[in-house]
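Swiss-Prot annotations:
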{"type": "DISULFID", "residues": "Cys43-Cys108", "note": "disulfide bond"}
{"type": "REGION", "residues": "21-43", "note": "region 'Framework-1'"}
{"type": "REGION", "residues": "44-54", "note": "region 'Complementarity-determining-1'"}
{"type": "REGION", "residues": "55-69", "note": "region 'Framework-2'"}
{"type": "REGION", "residues": "70-76", "note": "region 'Complementarity-determining-2'"}
{"type": "REGION", "residues": "77-108", "note": "region 'Framework-3'"}
{"type": "REGION", "residues": "109-115", "note": "region 'Complementarity-determining-3'"}
{"type": "SIGNAL", "residues": "1-20", "note": "signal peptide"}
Amino acid sequence: MVSTPQFLVFLLFWIPASRGDILLTQSPAILSVSPGERVSFSCRASQSIGTSIHWYQQRTNGSPRLLIKYASESISGIPSRFSGSGSGTDFTLSINSVESEDIADYYCQQSNSWP
């Protein structure tokens, strides 16, 4: 019997510690999927930030790579299977038809306010 290979996609949490900062909460923390599936990651802000959210991918021992800027704007050179949506406090990063090269940490970053 041949089994479908599975792999893990890990999310990294970005949680500012200073009082008054915008808190971002990502979910799920760990996700196991099969190649070809669609996956979605959520990022929730503690207060409205318009569309000032950016999504990054970081592979093991690699540098962060910007995937989506301002919630839904695509980046040149990033495969079209990556897409973003949302505004205000709720944002989503989706990957259509996941590939093995997508094994990585994914995280959101806000640019509405800085410490």
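The first residue you see is number 1, and the count goes up from there.
Each residue, glycine too, has its Cβ placed from N, Cα and C.
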Recorded stretch that, among 21-43, 44-54, 55-69, 70-76, has the most CB pairs under 8 Å to the region 'Complementarity-determining-3' (109-115): 44-54
Nonlocal neighbours by CB distance (under 8 Å) for Cys43 (disulfide bond), same chain, sequence gap 6 or more: Leu24, Thr25, Gln26, Ile53, Trp55, Gly86, Asp90, Phe91, Thr92, Leu93, Cys108
For the region 'Framework-2' (55-69), residues assigned helix / strand / coil by DSSP: 0 helix, 9 strand, 6 coil
Segment confidence, the region 'Complementarity-determining-3' (109-115), expressed as mean pLDDT: 85
